[in-house]
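Below is one structure, written out as structure tokens, with a few remarks after it.
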There are 2 protein chains.
Amino acid sequence: MTRLLIKNGTFVTMDERLAQYQGWMAIEGSLIAALGEGNAPEQEVALATETMDGTGLLFMPGLTNTHGHAAMSLLRGLADDLALQDWLQNHMWPTEAKFTGDDVYWGSSLAAAEMIKSGTTTFVDMYDHMDRVAEVVEKSGLRASLTRGVIGLCPEDVQKAKLADAIQFAKDWHGGADGRISVMISPHAPYTCPPDFIVKFVEAAHELDLPMHTHMSETLAEVEQNVRDYGCRPVEHLDRLGMFSRPTLLAHAVHLTDEEVALLGERKVAVSHNPVSNLKLASGVARVPDLLKAGVTVSLGTDSAASNNNLDLFQEIAMAALIHKGVSGDPTVIPAAEALRMGTVYGARSIGLDGITGQLKAGMKADFIALSIHKPHFVPRTDYISHLAYAARGSDVVHVWVDGKQLLRNGQLLTLDEEKILAEAERSFRRLRG
Amino acid sequence: MTRLLIKNGTFVTMDERLAQYQGWMAIEGSLIAALGEGNAPEQEVALATETMDGTGLLFMPGLTNTHGHAAMSLLRGLADDLALQDWLQNHMWPTEAKFTGDDVYWGSSLAAAEMIKSGTTTFVDMYDHMDRVAEVVEKSGLRASLTRGVIGLCPEDVQKAKLADAIQFAKDWHGGADGRISVMISPHAPYTCPPDFIVKFVEAAHELDLPMHTHMSETLAEVEQNVRDYGCRPVEHLDRLGMFSRPTLLAHAVHLTDEEVALLGERKVAVSHNPVSNLKLASGVARVPDLLKAGVTVSLGTDSAASNNNLDLFQEIAMAALIHKGVSGDPTVIPAAEALRMGTVYGARSIGLDGITGQLKAGMKADFIALSIHKPHFVPRTDYISHLAYAARGSDVVHVWVDGKQLLRNGQLLTLDEEKILAEAERSFRRLRG
């Protein structure tokens, strides 16, 4: 088995000590074998089958993007700065209705290329034609938690077929791509799925022993509708329907009462915070400092490129560190380290990969990235935790490994054909709008 | 005289039509000679002494950063996530007090390198040792509006010396560096300068026929102090002291009443909006949609790297387009085009360079940048105005010209020695903290 030894690198481990040091790391197979400060010990040098000089590079865990719709990268810049319903009904939905499996494949490939190039190593994807997304994961080498997102506003036979599709996808792909793919079960949202339909997803999740993922309380309007339709707010509604009896990841959770924050903490529900998308769609600012205080695992998602409009998780990390200070008036909330944890270790935790990915530790998966830091915006060398949260960009990423395999080298994709993806994605878009 | 013809480029002109097209542009000396859609006309080809293929590149006006303290790049990451007074009194001020002219030179050089590499062609700088900043402008080739920022909380003889220093700097450098340097007159802020001292700056500005620049209403605390000390809020205070009888650029202006917004509009005062710094320091969110409605010219600044922590104006453009939507609940405010204008044409207007820089137009200064757009986050080719505001990053910039002279080629600085700057900036920091 090959054993890669990286020497003379700067390491930010995201472990409990928040260590940052000059040191070395050894990768064997899909795992981090060992790492430490200073010069590599002699026995590490002897064991190595391959050596890399890490001078000028900062190594850290790969980022986890915990909410998105990769294929919607085809809709980037199609429509912006519009009222939500106008945007959805007149631009997004009519175009998405025409998506074929091939469109999903090329749109997701476009997203995968952008994610790898900006340092994301694990992503959550909720969409349709999920077999084609799984193909992209398999080919790209990324790690992913995939889920067929089902909208239930349709006749019962169509509902049944969609649920069956979601279950079949889980059976086909959970544990797929050498274990890099896991699957979640997803009713799209409380406002797009009748309660009895949501219950069927909860039952399926129990049967398949899988976690759940859904959109919740992204806008004030949907919360108000929930109260009108069901007599309670979304957290209580989903709790009553049994969803939180499964490990659950909620996307957005912008509009919450104190009671809802407390209940999410008690039920150990995770929240994917999507600050850029929430701002762009004018949904509001989630109560992240309160959620963290309540013990909720809060991770970061980009949502799709249609409401962002990029998939650079470093932007979400910076936004998470900035927005809650400005809105609360307290410059000490969400310090740099906490924002970085949201993008790494909390991301892994929120999709059941705690202890598996999201930190640099011996025995964990070799999912890591290297940033080129011999640049003005990383000088002076004061505090790399601060630099990563506030000054870095995804474009600083030059090397990416997932499961011990290198996916990006000197900014060049190794598993995907970038030229073909750019051309096919453009062609898909032209056909969809043509 | 050389005449550069750029062919086959994508152009976003930021002119009144917000044109975006495939086309050509001719540069002669320091000016844009001509530009247009489609293939370059035969006479342009004949006139050209040099030709450049713009395939895969997007050309747009260079960005204008209208508020900053370049030398403070030496303090990037030194202290973050602290309460404002702790940050200032225990970290910033004690370190800044030790700054020598050489520290200002290398800190400003570090900032200049970062700004050029991320597409800024004109910057405003308010600091001390301004002769050394002017040297950096001269050497780097950037355009700048420079000002000695004077804090007046000191004995009268020290006040006098500082004012004399500010006036001498204006006399020495206004119109310097082949006209690329202009000078403003700057009492630091109403809360750091007694009223009679501010009046002396207003008089000097009239005498020298120069505009004024000051910090105003960045925090709620300073507004409250102004009311306590002078019986009125800062806008009325500065208006009474005569400041707005000069063209004035106010940094921050976060906390404003309706009356203050209206008065700024009437007095034709410009505001430099610094969204990232205002969030990081928990100062709040400026009322930019209201200011624009009132006819105020609102431009964008990074503030220093100590409170940002980078100088990427594309991040400010995106933040300006995002934050006001999320805070107001209206997804139509500050659309992409308006955010881009704030970073270009409004930036130029706010420092008296309207019609001179900030747009691609025949007869205007050849201050422009080229972004590499053959990348996932610029696909599909829907709307480059959207892509520039929401998806682009400063790192997409590969070429930069100011005054017709190229400062960056394929990401490499042509006028500054990046290696030396990184080393000297690090050395300055070590000495300051040693």
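Positions of Cβ are set from backbone N, Cα and C atoms, glycine also.
Since the structure is predicted, the reported quantities are computational estimates derived from the model, not experimental observations.
Per TrEMBL, Zn(2+) is bound by A:H67, A:H69, A:H215; the candidate from A:D131, A:D290, A:D303, A:D312 named for the same site is A:D303.
Matching A:E114, A:E207, A:E218, A:E338 to the substrate binding residues that TrEMBL gives (A:E96, A:R148, A:H188, A:D303) identifies A:E218.
Note: A:E96 (substrate binding site) has non-local neighbours A:M72, A:L75, i.e. same-chain residues 6+ apart with C-beta under 8 A of its own C-beta. In the predicted model, the domain 'Amidohydrolase-related' (A:60-406) has a mean pLDDT of 97.
A:E218 (substrate binding site): 26 other CB atoms within 10 A of its CB, across all protein chains. Excluding A:H67, A:H69, A:H215, A:D303 themselves, the residues of that chain whose CB lies within 8 A of the CB mean position for the Zn(2+) site are, in sequence, A:G68, A:M126, A:A251, A:H252, A:S272, A:N274, A:S277, A:G301, A:S304. Long-range neighbours of A:D303 (Zn(2+) binding site) (same chain, six or more residues apart, CB within less than 8 Å of its CB): A:H67, A:G68, A:H69, A:A251, A:N274, A:V276, A:S277.
A gap of 6 Å separates the Cα atoms of A:H215 (Zn(2+) binding site) and A:H188 (substrate binding site).
In the three-state DSSP assignment, the secondary structure recorded for A:H215 (Zn(2+) binding site) is strand.
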